[in-house]
Amino acid sequence: MRTIAELETAARRRLAPAHYDFYAGGAGEEETLRANEEAFRRRVLVPRVLRNVGKRDLAVELAGSPLSMPVLLSPTAFHRLAHPDGELATARAAARAGTVLVVSMAATTAIEDIVAAAREVTDDPALWFQLYLQPDREFTKAVICRAERAGVKALVVTVDSAVFGKRERDHRNGFLDLPPELSVENMRDDTGRVRDIEMPAELTWTDVEWLRTISGLPILLKGILHPSDARLAVEAGVSGLVVSNHGGRQLDSAVSTMDALPAVASAVDGAIPLILDGGVRRGTDVVKALALGASAVGIGRPALWGLAAAGTEGVTEVLEGLREEVDRAFALCGAADPAGLTAELVR
Ligand SMILES: Cc1cc2nc3c(=O)[nH]c(=O)nc-3n(C[C@H](O)[C@H](O)[C@H](O)COP(=O)(O)O)c2cc1C
Ligand SMILES: CCCCC(=O)C(=O)O
């Protein structure tokens, strides 16, 4: 099995340079992009021993969805730029691994087809749907109803994108839109026209309340870094948070997610599950995040590298490689299950 770094090299060889840069890049100086990975490297593990780790169980449950391991696929745009099978390939790999795929609102495949691909693999796949609440509420509602009818199990509202981050690689490359043969299929309105995704600058907590009145699905907020916002999210009754800086693609100089996690975890105090994403590349990264208060982690770019390198098989390589590393790291840290990972293991 190849490492994520090796899959990135393979992906880079296959992708058009502008598409590679779109996936790999971040905002501004890319300080936050680098900081996410660096924050893992800076922390070391202080393992416990003699704890009988002969039988290990990596499974977790999040917002009503079972995961075979504490790793899920964070939402990423435009999978058909990476591979002709696009989101269908990603969904099959997630279903095969028994984990959640968060489908991006900017997916290049219709949600009904994505769910169908996952159902070829397993009866009851866990697909969540990420959205940017659009200024047109009736349209937003229609998109949510469509995703619900298709069978998604939770909604993930991205809240770190009041405006679009400035990705300077994309500006330099002139990559500002999808090629004409691809479109964001879940943005079709009832006339069949594909709408542009608008970044919702006017969003407030009132909109989160509104969302709770129109959907019975669990709602998670993605892009929380400040402990005060985490407290407000608990009060708003959401089912979980994604501690995320959008992979360094929105506010450059934003705190790395591992540096943000402890304060958010202490603010939430176990009331709702936390998912951390940004810079997770190794099983030991997963262990560090769980030890400091996450219930699971999300991966963004690694899945895109697997997808570009080898479609479903490539994403499977990423997920199974991580599973093997997570399992080994649990054992070597003296933890038989996620509850066995505590803050004393990390320095
Ligand atoms: C190419 C790309 C596209 C992304 N598209 C979305 C998106 O549509 N919606 C969203 O909420 N986050 C999006 N993200 C952010 C990811 O969900 C996630 O927060 C981030 O990739 C995690 O960092 P990592 O790539 O280091 O794992 C995107 C990230 C990348 C790299
Ligand atoms: C309108 C596409 C949004 C994609 C996104 O969120 C990202 O590239 O980070």
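From the backbone N, Cα and C atoms, a Cβ is placed for every residue, glycine too.
According to TrEMBL, the features are:
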DOMAIN    1-347  domain 'FMN hydroxy acid dehydrogenase'
BINDING   75-77, Ser104, Gln130, Thr158, Lys222, Ser244, 277-281, 300-301  FMN binding site
BINDING   Tyr132, Arg167, His246, Arg249  glyoxylate binding site
ACT_SITE  His246  active site, proton acceptor
Alpha-carbon spacing, Arg249 (glyoxylate binding site) to Asp277 (FMN binding site), which is rounded to whole Å: 12
Binding-site residues near His246 (glyoxylate binding site), in sequence order, restricted to Ala77, Gln130, Lys222, Asp277, Arg281, Arg301 and a 10 Å Cα cut-off: Lys222, Asp277
Those binding-site residues in Ala77, Gln130, Tyr132, Arg249, Gly279, Arg301 whose CB falls under 6 A of ligand 2, listed in sequence order: Ala77, Arg249
Binding-site residues close to ligand 1 - of Ala77, Gln130, Arg167, His246, Gly279, Arg301, only those whose C-beta is under 6 Å away: Ala77, Gln130, His246, Gly279, Arg301
For glyoxylate: widest Cα to Cα gap among Tyr132, Arg167, His246, Arg249 in Å: 19
Between Arg167 (glyoxylate binding site) and Arg301 (FMN binding site): CA-CA distance (Å): 15
Distance [Cα-Cα, Å, rounded] between Tyr132 (glyoxylate binding site) and Pro75 (FMN binding site): 12
Distance from Asp277 (FMN binding site) back to Arg167 (glyoxylate binding site), taken between C-alpha atoms, in Å: 19
Arg167 (glyoxylate binding site) CB neighbourhood, other CB atoms within 10 A: 22
Candidate with the highest Cβ count within 10 Å, taken from the binding-site residues Tyr132, His246, Gly279, Arg281: Gly279
Number of Cβ atoms other than its own within 10 Å, given for Arg301 (FMN binding site): 22
Local Cβ density at Asp277 (FMN binding site) - other Cβ atoms counted within 10 Å: 27
